Amino acid sequence: MIRAFKMSVDMSMRSISSKQKCFKPWSYIPNGIMPIFWRVVYWTSQFLTWILLPFMQSYARSGGFSITGKIKTALIENAIYYGTYLLIFGAFLIYVAVNPNFNLQWNQLQTIGIAAANTWGLFLLVLLLGYGLVEIPRSHWNGAKRGYLLMKTYFKAAKLTTEKADAEENLEDIMEEVRKVSESIKYNHPLRKCVDTILKKCPTEYQERMGRNMDDYEDFDERQNSYPSEKSLVKLHKQVIYSVQRHRRTQVQWQILLEQAFYLEDVAKNETSATRQFVHTFHSQEPENKIIQYFYTPTVEWYWECLLRPWFYRVLAVVLATFSVIVVWSECTFFSTKPVLSLFAVFIQLAEKTYNYIYIEMACFLTIFFLSICVYSTVFRIRVFNYYYLASHHQTDAYSLLFSGMLFCRLTPPLCLNFLGLTHMDATISHKNTQPTAYTSIMGSMRVLSFIADGFYIYYPMLVVILCIATYFSLGTRCLNLLGFQQFMGDSEMTSDLIDEGKELIRREKRKRQRQEEGENRRREWKERYGNRDDSTRNRAVHTDQKESSFTETNANRPLSKYTRSNGRTERDRIELLQDAEPLDFNADSVNDDPLESDSGRYQPGGRYLSMSRSKIFDDV
């Protein structure tokens with residue numbers, strides 16, 4: 001992104017009339033450097049997105065137990081993927097060969113490959129841009145509505161509870177299969193190492209449970225039992241990795257969602273506070289920075305959360321909406337050069353006339369920065385069931401991270417190409433005989449394929465208007481809701497039911513946490529109030545035990561000496577056992593205090609057990 005606006009600045013400075021004197025700015029980049037940078041960046045990103053990252057995706061999802069096995073699985077899974085690319089390239093090659101207007105040269109073939117990649121990237125770019133141009137300003141505007149955010153949080157809680165229960169059930173089923181496999185494959189089986197690898201990926205509580213039920217001393221009999229194959233263990237290993245990751249992710253997301261719901265409820269309560277002091281229902285579990293605590297006092301927090309933040313979000317939403325309108329207008333009119341209708345092109349040309357280099361840099365930077373936010377933020381919002389999903393707090397699996405990396409690499413070149421078109425720095429758009437930019441010199445002349453250069457690249461971005469209208473009226477959300485995928489819609493009965501369910505779940509979790517904190521406070525108060533008394537009582541008991549222990553050791557020849565030990569703790573345990581464990585006679589009319597009255601000292605005729613008196617145990621000592 002930074003290279004793009006640097007390149008645009010370079011182009012703008014070169015196109016300035018030589019009649020007026022132009023001073024070289026301090027950040028001017030000499031000739032020959034930017035083409036090298038762009039060549040490295042472009043071909044590296046293309047290698048990543050089309051070859052390496054798809055291979056790493058298959059490698060990450062593979063359930064193989066060795067590096068060789070994972071590589072083999074990744075190559076097999078990507079055979080169709082790479083074959084599709086070869087088929088597309090062959091189709092373009094045949095088109096160029098059949099057309100008599102073209103000569104088969106390496107530069108032209110390279111341009112055709114670049115055009116194919118940029119066409120696919122521009123198709124994705126317009127789809128993501130149309131959603132981000134509307135959703136980003138609207139999300140900030142709705143961020144100023146406390147009631148809206150709280151209702152949406154309740155809705156998310158209800159949906160996440162269902163997903164969490166599904167993840168727990170799926171994990172239980174997978175762990176049951178792992179238990180059966182672990183019990184069938186014994187310690188001396190050739191596949192036992194694979195089973196141990198699977199067990200290491202399981203949660204700790206399941207590992208302990210399976211370890212207690214396993215008998216390692218039993219040999220396996222290949223003739224009597226049917227054992228799973230290595231292929232089935234690879235499949236089970238893959239399922240274990242996915243189910244454990246999903247279960248951990250839902251648990252973390254549930255805790256984060258609870259904190260968010262409690263915070264929004266605290267904001268709603270503190271809005272009517274007369275003291276203007278922000279009071280939290282629960283204290284933060286993470287230690288806060290002392291500098292933040294010093295400046296971000298409860299009073300400052302109340303003014304920011306309850307008074308200033310909503311207005312800040314509204315102003316920011318208006319600014320973002322203004323930028324979105326400018327982008328939509330420029331996307332629909334950037335093909336017009338006489339007159340120049342694209343607002344971004346007008347801003348750059350005005351800066352060229354006044355030789356304001358700083359203004360050119362800021363205009364280019366803000367333009368491509370806003371375009372990048374609209375496109376890349378949509379990538380973070382995309383969720384394709386549980387197949388692709390970017391989760392916060394480091395809970396995204398490797399496959400989704402690699403998939404997002406592929407999207408970023410594919411979207412960067414067409415994003416820069418679209419930026420050059422909006423600012424009329426591309427000679428294909430401006431139709432000016434000027435020196436090409438560094439990016440254009442790497443891309444080559446797109447006029448090799450006239451139907452792409454003069455048709456698709458110019459008129460396809462106009463589709464962003466239709467996508468913005470569809471996003472504004474939430475047509476995609478309504479379609480998903482009709483198909484059975486619950487989406488947050490204020491006028492839907494299903495949404496109201498899920499909001500009520502989520503509110504009850506949050507209330508239940510809040511009561512549970514309040515009871516836990518009350519119990520911890522009572523234990524803390526009891527320890528502070530009676531801690532010294534308990535310590536003194538404990539010291540007296542230890543001193544008494546030591547005296548009794550030393551007294552008993554002097555009578556080692558008595559019949560009771562078989563219970564004595566040199567260890568003071570064992571002696572203390574024996575004395576406590578004699579003091580606490582007293583069998584009582586609940587059937588006798590009276591209790592005989594003398595245990596030597598009967599022959600056994602413990603049993604009387606008639607089946608009655610008599611109690612032992614503490615005062616006469618050591619009478620003979």
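Backbone N, Cα and C atoms are what each Cβ position is placed from, and that goes for glycine too.
TrEMBL does not curate its annotations; it predicts them automatically.
If you check TrEMBL, you get these features:
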- 36-59: transmembrane segment (TRANSMEM)
- 79-98: transmembrane segment (TRANSMEM)
- 110-134: transmembrane segment (TRANSMEM)
- 157-184: coiled coil (COILED)
- 311-329: transmembrane segment (TRANSMEM)
- 358-379: transmembrane segment (TRANSMEM)
- 456-475: transmembrane segment (TRANSMEM)
- 509-621: region 'Disordered' (REGION)
- 515-550: compositional bias 'Basic and acidic residues' (COMPBIAS)
- 551-567: compositional bias 'Polar residues' (COMPBIAS)
- 568-577: compositional bias 'Basic and acidic residues' (COMPBIAS)
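Looking at which of 36-59, 79-98, 311-329, 358-379 has the most CB pairs under 8 Å to the transmembrane segment (456-475), the answer is the stretch 311-329. Among residues of the same chain six or more beyond the coiled coil (157-184), those with a C-beta under 8 A of the stretch's C-beta atoms are 195, 198-199, 202-203, 206, 209-210, 213-214, 225, 227-228, 233, 236, 239-240, 243-244, 246-247, 249-251, 253-254, 257-258, 261, 486, 498-499, 501-502, 505-506.
On the 0 to 100 pLDDT scale, the coiled coil (157-184) averages 92 in the predicted structure.
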